[in-house]
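Peer 1: Okay, so Swiss-Prot annotates it like this:
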type	residues	note
BINDING	119, 123, 124, 125, 370, 371, 372	(6S)-5,6,7,8-tetrahydrofolate binding site
MOD_RES	228	N6-(pyridoxal phosphate)lysine
SITE	227	site 'Plays an important role in substrate specificity'
């Protein structure tokens with residue numbers, strides 16, 4: 001992208017962007033929630049649609065002059081419906097957290113009980129964490145993974161649900177490398193009269209490609225981000241497989257008298273005006289472009305390579321005596337418990353950063369360290385796969401990581417990081433972004 005005007009008018013901001021461009025170009029991005037969008041997506045996000053207010057929904061705006069942003073939003077909605085096989089889509093949430101907030105506020109009252117995967121077991125802040133709105137407005141209960149297997153214990157989930165009688169059960173995770181049995185979760189939800197929501201922010205691209213279980217047929221609500229494995233701009237989305245009359249009895253007055261609102265109407269109203277005002281139309285345009293890209297055959301090949309690369313990395317880590325929580329991966333990420341390597345997550349993250357490899361420290365189940373230190377790191381393959389890297393490179397990256405971790409307590413660790421960084425840069429330059437992300 002051409003930044004000549006920015007360089008001349010605001011050299012300080014330009015310098016920050018140039019340095020970030022260099023970082024993305026010359027280092028390895030292994031944070032599981034990050035990816036590189038296409039240049040086409042960035043062009044849409046940087047378009048004149050950033051200038052337009054469009055409160056409301058296509059055909060029902062509170063402002064005039066929305067005929068062309070309506071086209072973009074309808075394209076995003078229609079393409080998302082085709083991608084995920086759903087009847088209802090709202091593409092206006094600014095983030096995955098906003099999408100989750102809208103659903104929770106739509107179907108719950110303050111103090112209602114919810115269930116979600118424990119944050120320290122791989123869940124997400126918005127699934128009931130006490131430091132988040134979801135754990136402050138609602139009576140949150142957390143299910144977890146089995147201490148031995150690292151896999152969600154469905155019997156324990158059912159036992160908790162029967163005891164707690166939640167109004168909403170949330171599936172989904174931010175650091176769980178296995179899949180979710182949505183059918184089993186729905187059976188539990190039906191037993192206790194709960195809504196079921198799947199947050200597929202992480203595997204959404206794999207779901208869209210048909211390479212991970214689709215929750216749409218089983219869940220009342222499905223939320224996601226639009227970046228991560230879906231490779232779009234940063235944003236959120238809400239879906240329903242089938243629309244239905246809201247069971248809370250919320251009505252709307254019509255010329256024929258009151259009628260029960262459809263759930264889609266309740267969700268739409270909770271997004272806007274409930275928690276948001278004007279949607280980000282430039283980002284929604286970017287979402288439309290990304291969804292169009294995800295509908296192409298090449299995207300399925302990309303998603304398969306994400307999984308292949310992750311599986312290869314997991315096998316290589318296990319062979320090098322690393323402990324992967326749950327024993328392996330069925331998606332795009334893995335959570336490494338580093339306690340047997342005598343290094344904590346914070347130290348590992350910092351050393352790998354010095355070596356040109358970006359990961360994030362992450363708590364592991366039953367962790368005895370604080371969230372600011374942690375016992376593990378999370379590693380993901382979406383961004384490296386976007387660069388065109390395959391299994392051979394995935395295995396080489398594990399070797400890079402192992403060299404750094406193995407030297408963590410040695411006097412020469414700085415020299416090791418410096419050498420690895422040079423090799424990482426050389427590898428990255430062999431796989432330029434090629435139209436994905438910023439160009440230097």
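Including glycine, each Cβ sits where the backbone N, Cα and C put it.
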Peer 1: Check each residue in the chain of residue 228 (N6-(pyridoxal phosphate)lysine) that is at least six apart in sequence and keep those whose C-beta is under 8 Å from its C-beta; list them in sequence order.
Peer 2: 32, 33, 34, 35, 201, 202, 204, 205, 382
Peer 1: Do me a favour and check the Cα-Cα span between residue 124 ((6S)-5,6,7,8-tetrahydrofolate binding site) and residue 227 (site 'Plays an important role in substrate specificity'); whole Å is fine.
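Peer 2: Per the Cα atoms, residue 124 ((6S)-5,6,7,8-tetrahydrofolate binding site) and residue 227 (site 'Plays an important role in substrate specificity') stand 16 Å apart.
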Peer 1: Among 119, 125, all listed as binding-site residues, which has the most CB atoms within 10 Å of its CB?
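Peer 2: Output for this query is 119.
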Peer 1: Please give me the CB contact count at 10 A for residue 123 ((6S)-5,6,7,8-tetrahydrofolate binding site), counting all chains in the structure.
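Peer 2: A count of 25.
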Peer 1: If the (6S)-5,6,7,8-tetrahydrofolate binders are 119, 123, 124, 125, 370, 371, 372 per the record, what's the largest distance between their Cα atoms, in Å?
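Peer 2: Maximum Cα-Cα distance: 17 Å.
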Peer 1: Please report the distance from the Cα of residue 227 (site 'Plays an important role in substrate specificity') to the Cα of residue 125 ((6S)-5,6,7,8-tetrahydrofolate binding site), rounded to the nearest angstrom.
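Peer 2: On Cα coordinates alone, these residues lie 18 Å apart.
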Peer 1: Please give me the CB contact count at 10 A for residue 124 ((6S)-5,6,7,8-tetrahydrofolate binding site), counting all chains in the structure.
Peer 2: 24
